[in-house]
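Inspection log for the structure reproduced underneath, given as structure tokens.
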């Protein structure tokens, strides 16, 4: 910054008008408020109501025009970006990926629906409309929409056994909340859930899911939303333990894990170019068998169930349970679900009607937490497969919200992107979101023609599919890196983990987020101050205090106390370097006013260096006495360390 003669003249004129200590004036020159980093802050002209209204209408008109531009439309309909360049190779890749994901989706959706405490067909209902809609709205080709383990468990904890009608309304409300969040740009909220909290939540959910499936693995009845509730409930009905379900479930888990391992094995050289045709065919075959492991287990176990039931001569059209050693899914309505709006009011058998607000009240806080959890799962998948590209959280909010709204019109329950199916998608060579079209068609085919055969699927096999999928969600491997990186980050992660196990999931998540916010607020209230003694060219020592962040009400008293302590200890002029202070508030301005008064009373110099115009405006708003910024300070206090 260059000091001109005019600046010095103006500075001298102001000094003559001020009453200051003579000894202080002999060493330091008190200047004007012109010493700011950039140009002076000019007063904004006042506008009347008519001018403000005209400005607002102009802004709205301008924004409305930008909404319907080609750039905005292609951003909100991503299919317009990749469809013009869609090739035959893309179509083949998407077809193979869609079939692969569809064969994985059908048994998973039925299993996850049972996890949510809903009929198996409701999982299938939520597996085709969202997949079809995501083709047009999605930004990540690997994301397959549909039921997931985490969202299903959240649905179970939210509904508390209220039934399919409540599940459909929950799906609609989840979509509406996600859509509103996307419209108003609240995608940044997921940034408040840190990695350790997310890992703690995911690990706790995995354990809860395994615990919830024990009842089907041993053939007992159980319920509960927390780990303790599940254990107590299982122990009460343990006398009805069935050996057939246990053996079948264990065998299915072992087979699934072995087939999963097979998919990861390769024979021959590691370099694909060095492999023979036999090697490539065998590797591809093992991968396909391992990928279709859920479908293979369901088909084989269903055939076993069919043999058992037909041997007993049981009538599958009746509502009675077949007399076999294990439990089966039972009757599933055939055909596609009817298109219908969610029920916003429910009439009970006694003729009374439950209104919308009463229904929402019975659902509870999960109606707010579940949409955020579903979004986090989808965004995490997008980030995993982004390949360095930015993730549009707003568009994913809009896409996920609209998909859930669409699913609710077909009697589904909430869904999101699935990690396990995303991995299958990526390994299958997916090219574009068009994969969802083929996966959705496969689910529709199953609903139209395969529902009579779904009767024979053992419940233990579906439980085995869930257990084998979620045991790898326990993120033990992240504990050591977190401990090596920053030990304090383990606190919110472990707190979230244990809170989600012993408390309802939504409360556990809120505890983790709350601990994150406390950590953020603590760091905001305790900024780091660099305090150094410097010397001017004339040999005058002064104390340079440099805060590393903005001055706002939680931190300003802390900064003031440190400045006062150091200034009294050293009895040197103090220069506060405001280079890193990009904002301040009213509380900060009042504290700065008290600070300048304290320095003025004891005749100690206080200077503010590198003030931003916005900060100057805030400080001057309270008209502090003795608040001065000095142009000549750059000449007097150049940084030469003592």
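The chain as shown is numbered from 1 upward.
Placed from the backbone N, Cα and C atoms, the Cβ positions cover glycine too.
As annotated in TrEMBL, transmembrane segment covers the listed stretch 437-455 rather than the other ranges in 380-398, 399-417, 418-436, 437-455. Annotated range for transmembrane segment in TrEMBL, selecting from 139-164, 165-190, 191-216: 165-190. In the domain 'STAS' (551-620), the DSSP tally of helix, strand and coil residues is 42 helix, 10 strand, 18 coil.
Here the transmembrane segment (246-264) has Cβ contacts under 8 Å with residues 216-219, 286-287, 289-291, 293-294, 296-297, 301, 304, 326, 458, 460-461, 463-465, 467-468 of the same chain, all six or more residues outside its ends. Remote same-chain residues near the transmembrane segment (285-309) are listed as 100, 103-104, 106-108, 248, 252, 255-256, 259-266, 316, 322, 324-326, 328, 424, 427-428, 453-454, 456-458, 460-462, 464-465 (criterion: CB distance under 8 Å, separation of at least six residues from the stretch ends). Across the candidate stretches 165-190, 354-376, 437-455, 461-479, the maximum count of CB pairs under 8 A to the transmembrane segment (491-522) is reached by 354-376. The average per-residue pLDDT of the prediction over the domain 'STAS' (551-620) is 78, rounded to a whole number.
Long-range contacts of the transmembrane segment (165-190) within the same chain, counting only residues at least 6 positions beyond its ends with a Cβ under 8 Å from a Cβ of the stretch, are 116, 118, 122, 126, 155, 158-159, 342-344, 346, 359-360, 362-363, 366-368, 370-372, 374-376, 379, 393-398, 400-408, 411-415.
Same-chain neighbours of the transmembrane segment (437-455): 94-95, 97-99, 101-103, 105-106, 109-110, 120-121, 124-125, 127-129, 131-132, 135, 144, 302, 306, 316, 328-336, counting only residues six or more beyond its ends whose CB sits under 8 Å from a CB of the stretch.
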